[in-house]
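Beneath this line is the structure, given in structure tokens, with notes to follow.
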There are 6 protein chains.
Amino acid sequence: MRINGREADERRPMKLAVDINKYAEGSVYIEVGDTKVICTATVEEKVPMFMKGQGKGWVTAEYSMLPRATQTRNQRESARGKLSGRTMEIQRLIGRALRSVVDLQALGERSITIDCDVLQADGGTRTTSITGAFVALAMAVNKLAVKHSLPVFPITDYLASVSVGVVGEQMLLDLNYEEDSKAKVDMNVVMTGQGQFVEIQGTGEEKPFSRQELDGMLALAEKGIREMIAQQREALGPIALKIRSGETGANI
Amino acid sequence: MRINGREADERRPMKLAVDINKYAEGSVYIEVGDTKVICTATVEEKVPMFMKGQGKGWVTAEYSMLPRATQTRNQRESARGKLSGRTMEIQRLIGRALRSVVDLQALGERSITIDCDVLQADGGTRTTSITGAFVALAMAVNKLAVKHSLPVFPITDYLASVSVGVVGEQMLLDLNYEEDSKAKVDMNVVMTGQGQFVEIQGTGEEKPFSRQELDGMLALAEKGIREMIAQQREALGPIALKIRSGETGANI
Amino acid sequence: MRINGREADERRPMKLAVDINKYAEGSVYIEVGDTKVICTATVEEKVPMFMKGQGKGWVTAEYSMLPRATQTRNQRESARGKLSGRTMEIQRLIGRALRSVVDLQALGERSITIDCDVLQADGGTRTTSITGAFVALAMAVNKLAVKHSLPVFPITDYLASVSVGVVGEQMLLDLNYEEDSKAKVDMNVVMTGQGQFVEIQGTGEEKPFSRQELDGMLALAEKGIREMIAQQREALGPIALKIRSGETGANI
Amino acid sequence: MRINGREADERRPMKLAVDINKYAEGSVYIEVGDTKVICTATVEEKVPMFMKGQGKGWVTAEYSMLPRATQTRNQRESARGKLSGRTMEIQRLIGRALRSVVDLQALGERSITIDCDVLQADGGTRTTSITGAFVALAMAVNKLAVKHSLPVFPITDYLASVSVGVVGEQMLLDLNYEEDSKAKVDMNVVMTGQGQFVEIQGTGEEKPFSRQELDGMLALAEKGIREMIAQQREALGPIALKIRSGETGANI
Amino acid sequence: MRINGREADERRPMKLAVDINKYAEGSVYIEVGDTKVICTATVEEKVPMFMKGQGKGWVTAEYSMLPRATQTRNQRESARGKLSGRTMEIQRLIGRALRSVVDLQALGERSITIDCDVLQADGGTRTTSITGAFVALAMAVNKLAVKHSLPVFPITDYLASVSVGVVGEQMLLDLNYEEDSKAKVDMNVVMTGQGQFVEIQGTGEEKPFSRQELDGMLALAEKGIREMIAQQREALGPIALKIRSGETGANI
Amino acid sequence: MRINGREADERRPMKLAVDINKYAEGSVYIEVGDTKVICTATVEEKVPMFMKGQGKGWVTAEYSMLPRATQTRNQRESARGKLSGRTMEIQRLIGRALRSVVDLQALGERSITIDCDVLQADGGTRTTSITGAFVALAMAVNKLAVKHSLPVFPITDYLASVSVGVVGEQMLLDLNYEEDSKAKVDMNVVMTGQGQFVEIQGTGEEKPFSRQELDGMLALAEKGIREMIAQQREALGPIALKIRSGETGANI
């Protein structure tokens with residue numbers, strides 16, 4: 001039996017609240033168990049230097065945790081004067097994952113920055129950030145699409161993410177902090193509404209893992225992500241229908 | 001008539017929610033109009049180098065805004081690699097103000113760090129932070145006092161803060177962002193439950209101000225702070241009675 | 001009786017020497033007791049990014065102490081790689097105060113940087129810097145006004161600053177370091193030649209202060225600043241008459 | 001047909017030269033095609049702060065490229081004043097992967113730092129670094145084991161890494177830079193001599209990938225890594241036999 | 001008798017291998033005893049800000065040591081976040097020395113950056129870097145001269161460098177690390193093919209030195225540099241003849 | 001004829017004022033022409049990490065220029081967040097030079113930091129800093145020697161420095177800024193009272209220099225330094241006699 005009495009293939013309860021910031025073009029408050037994240041999307045009518053003049057847009061992400069998001073207080077990265085490797089790795093992952101479902105050509109020469117700020121952390125902050133970030137992104141893109149009458153809706157598919165792992169002999173879906181810290185294998189999976197992989201990051205720091213364990217974890221992840229995308233679709237309401245795979249998203 | 005139909009001496013609605021973080025020793029969510037701040041208090045059983053061996057405690061504060069707390073997105077200070085002058089000034093102010101109502105001797109050789117993170121900003125983020133930080137501090141101190149059976153409750157008085165200013169010819173209480181950006185004079189006042197001043201920071205960047213204007217602004221601030229302290233007392237419940245001036249706090 | 005035998009309302013002797021740098025557009029050496037500061041004004045025919053295209057000028061200040069300006073040696077901020085919060089706070093204050101008596105429109109799209117470098121510190125380095133910076137600024141503005149035949153002299157009033165405080169039961173004018181370190185309340189006041197306030201920064205870190213103490217300290221500050229402005233006028237010689245309130249500056 | 005006439009499942013030629021640095025406890029020069037890396041292992045009789053007093057050792061890695069390792073010159077990270085996100089991500093990966101085959105308990109309270117410096121880059125610098133780093137690590141551990149007569153040899157298995165990807169419709173093993181920049185899917189795999197996974201990092205930035213593609217890529221990676229480990233065993237000579245899975249390493 | 005049995009006026013064996021990097025416009029691997037350095041030259045069709053619009057080129061250098069180039073591992077300057085004073089001093093020296101034999105006018109508005117990366121250090125890394133950097137520079141300039149049919153070959157003379165010193169009572173040529181660390185006087189000399197001085201940096205940290213010692217050391221340096229230039233000429237092959245003093249270089 | 005009508009072998013007028021800082025253990029204000037520097041010496045009863053436990057002392061120096069020491073304003077290194085290569089090179093030179101005349105054993109386990117702050121720069125700031133720093137150092141060492149009754153006076157000889165150069169065809173002593181910027185060769189020489197060399201740093205960036213020019217410049221430097229040491233001796237008064245070569249210093 002898992003902590004909190006969950007089944008091995010049972011996610012923690014997830015809540016999504018949209019439009020929670022009066023300034024941002026898209027904003028979401030997402031809770032997965034005790035992990036709580038605010039995602040805001042900011043649209044700017046410019047692109048980074050390396051993208052200039054290509055007629056294409058850009059999507060990027062930043063990630064941070066409040067100092068007391070965790071059991072003991074962490075020093076602010078602004079006070080330390082630099083981002084940790086962990087933060088950089090996570091924000092690179094979020095940005096890369098989001099771009100995989102955006103038609104940058106259709107976006108036009110604009111950039112969207114998604115800020116993921118973790119208010120409270122209980123495992124899975126990067127996967128929760130991706131799942132929330134997608135919703136904030138879709139809202140901001142929708143505003144853009146309406147305002148500029150974009151001929152094609154620039155989001156090509158849904159996107160969500162969950163963690164899976166091996167704890168003891170058991171494969172588990174959606175690990176909380178306590179489970180994560182005991183896991184021998186930890187894997188983060190990002191998938192689309194069509195059931196394709198966007199990112200697989202599996203690590204066996206304490207102990208290598210077998211092909212069989214890999215297959216088992218991927219099956220759990222797929223189940224979890226399918227459920228999450230259903231909740232995203234609900235939260236997005238009519239916007240959901242504009243996403244290219246919107247009507248067929250159920251086939252994951 | 002002011003924006004939102006407020007009277008010149010009328011504050012914006014203020015909400016206080018306590019215990020909103022599962023890890024922090026004290027935590028508060030505070031809203032003053034559209035300004036929204038999370039304050040968490042962290043207790044550590046050590047003091048900074050310069051305080052070691054004196055048998056006294058220390059209280060300090062850190063302040064930050066989420067990138068999209070404002071109309072346009074601000075670059076993160078962690079990405080820029082350093083704190084802005086504005087951030088440093090504000091967190092020095094919050095820490096200094098809080099220390100004025102803490103009996104550091106009674107606290108013992110421990111430190112409390114108050115993190116004030118602005119989720120959304122609409123003017124008055126530093127005064128709102130102080131008002132919220134005091135409540136988070138009191139909660140954390142109370143836990144300490146109970147746990148270690150401290151003989152004296154280390155908080156000596158209430159503390160709250162509000163901004164006042166001169167807009168056009170009018171003196172106004174609790175400026176929002178729009179009013180603040182038009183103000184000729186801007187003043188932040190921090191006061192105790194006993195009605196004493198802890199900080200007065202008045203600035204006439206656009207235009208110097210007269211003695212008469214100073215007196216008018218101080219009167220408004222006193223009214224506002226008296227009302228805020230009443231709300232703090234309510235939020236703190238039984239803890240309120242342990243604050244030394246608790247029973248007499250009404251005499252401001 | 002105070003250290004050095006001063007009365008409670010007696011300033012330390014102040015000396016001003018002008019034109020002490022062969023390169024700067026304006027330069028002043030100022031001594032207030034044992035506090036010694038060099039202020040230089042640099043004129044540049046450009047403004048910061050955020051002021052571009054508005055046809056207005058900008059005035060800013062930087063502040064630093066030599067490592068051995070104090071009893072024990074301080075590490076250089078250049079070696080530490082960042083400015084302390086104290087330095088940032090002080091240079092923001094100096095710049096803001098100076099701008100309050102400059103007609104930025106009349107200055108034209110130019111910027112003036114005032115560097116205040118403390119050679120020796122004995123309390124009141126920020127107030128001494130402001131008082132000296134004003135004179136260096138006026139000299140540089142005068143050169144500009146002559147060179148470009150500006151139709152209106154861009155300085156609208158005199159500006160000086162002094163500290164006041166409460167030591168024991170006594171309110172004192174112009175605290176030196178020893179007095180400052182024993183003060184329960186410390187206040188820096190910046191005023192114009194017309195007797196208006198530009199900045200009031202009062203802090204009761206050790207103990208809150210009453211309205212009566214505030215009034216007493218403001219009266220001392222006003223006396224001190226009136227005397228300082230008389231000395232500034234003398235140091236500036238014929239330039240003094242060009243300052244708009246020049247002929248009427250005595251009414252403080 | 002691939003660039004250079006390789007088959008889809010054919011690696012680039014790999015060379016390993018050991019003991020190429022007169023100071024380091026272990027050192028390797030590794031070439032995979034035109035990718036050239038120097039790996040040195042440094043043993044220190046201390047562990048990082050967070051590992052102190054646990055009687056266990058630590059293994060960590062640092063990664064860097066010479067400025068002209070690439071087609072156009074890159075600014076040095078030392079000149080920029082900070083490590084890029086890419087560098088941090090890679091060095092975290094190398095360290096984590098190495099630790100998965102080290103018995104930290106058996107190592108004793110010592111740390112080993114592996115420096116991977118890329119002299120020339122033509123794709124696969126992180127996988128080449130891991131493969132070379134393992135050999136440098138084994139050499140340094142062997143010196144330690146001999147010198148301190150460690151009862152158990154602290155390396156538990158072989159470790160090597162290769163990249164695989166999807167270019168056009170084809171799945172390819174060991175991509176060079178030109179192939180990598182055209183790949184729709186890119187995956188780095190780290191495996192042990194026993195054929196278990198240590199890291200799987202698959203990314204479909206341009207386009208998500210299917211389960212079938214994942215399976216195909218994993219098969220290619222397994223073939224490549226099996227061949228690489230055979231070369232590592234040869235390079236290590238008698239040390240190879242001390243690795244716990246040494247005699248059975250062939251069963252991958 | 002010296003370490004390794006060298007005579008007082010005998011250099012260590014020097015090897016030069018050219019074209020060792022497939023991307024760089026010029027590249028050299030240089031060994032002087034156990035000191036091993038890679039020098040690459042990068043040509044860019046732009047000049048630094050301060051040189052713009054003068055129709056002249058620029059030559060600059062960067063220097064770094066791999067962490068384990070030395071007996072004990074050095075922390076990377078990229079990890080420390082800043083260059084040490086030693087590194088800055090050395091790279092300023094290399095750039096300055098190279099510029100003394102380049103006709104910047106003839107180069108045109110282009111810049112060449114020479115990267116000197118020390119793989120292994122055994123004394124004399126800065127002098128070895130200069131000697132190798134000159135060859136890489138000449139190769140890159142030659143490619144430029146051919147490609148753009150420059151009317152004048154922009155390199156005006158040969159350039160090489162060696163260290164000399166006083167150890168005990170003896171004056172020695174080309175000190176290795178062990179000798180260098182016992183030297184009372186240490187001098188680096190940079191000379192041209194014509195036998196003129198470009199840099200003389202003599203330091204008597206432990207003990208001042210006499211005029212006689214200076215003269216003796218300069219004579220040793222001249223001998224060593226003459227021999228090194230002969231080897232550079234050989235390594236450069238036909239390019240050697242294009243250097244203005246090429247035919248007459250022997251007169252040193 | 002030179003600027004200001006000086007002869008080729010004529011120094012600029014030099015002034016030395018001692019004890020100009022009320023806190024520092026030694027302090028000097030030095031003027032060489034229009035170059036003006038404040039040197040303060042700070043004694044601390046500790047040594048840097050790398051010197052601990054050797055029973056020896058340490059002497060180090062820091063160097064900085066006020067922003068408006070020069071014709072145009074320089075950005076502060078504290079604002080830029082790092083020291084320039086030029087600053088590091090100069091402060092390393094000053095420290096190294098001073099240590100050559102200090103008996104670190106006799107000093108005991110203490111450190112002395114000399115701060116050289118340039119108020120106004122007109123060429124020769126590093127040589128002027130060395131000449132002034134020696135006097136501040138001698139004063140601080142004298143206080144130490146008296147206070148701790150040191151058996152041996154830790155300063156072994158005088159030390160001063162001057163620049164020489166080749167401008168046009170002429171060799172000149174003590175270049176000012178205008179001459180320096182036209183010089184083809186620039187050399188800084190540091191010598192002792194006994195006429196020995198401590199540092200020779202000669203650079204021919206624009207053009208290499210001959211042995212004859214080297215000899216001529218060294219002769220000028222020796223003359224200049226002999227005169228400067230005479231002035232140092234005068235400024236030091238009775239302390240001069242304690243310097244070991246004090247009575248014989250004239251033989252330079």
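Using N, Cα and C of the backbone, Cβ positions are placed for all residues, glycine too.
TrEMBL entries are annotated by machine, without manual review.
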According to TrEMBL, which candidate in A:R86, A:R99, A:R110 joins A:G124, A:T125, A:R126 at the phosphate site: A:R86
Within the domain 'Exoribonuclease phosphorolytic' (A:10-140), residues counted as helix, strand or coil by DSSP: 42 helix, 41 strand, 48 coil
Neighbour tally for A:G124 (phosphate binding site), based on other Cβ positions within 10 Å of its Cβ: 27
Model confidence over the domain 'Exoribonuclease phosphorolytic' (A:157-224), averaged pLDDT: 95
Secondary structure content, the domain 'Exoribonuclease phosphorolytic' (A:157-224) (per DSSP, counts of residues): 20 helix, 29 strand, 19 coil
Additional residues around phosphate, ordered along the sequence, whose Cβ is within 8 Å of the centroid of A:R86, A:G124, A:T125, A:R126: A:Y63, A:I90, A:V118, A:A121, A:G123, A:T127, A:T128, A:S129
Of A:R86, A:T125, A:R126 (the binding-site residues), the residue whose Cβ has the fewest other Cβ atoms within 10 Å: A:R86
Binding residues A:R86, A:G124, A:T125, A:R126 (phosphate) - maximum C-alpha distance in whole Å: 13
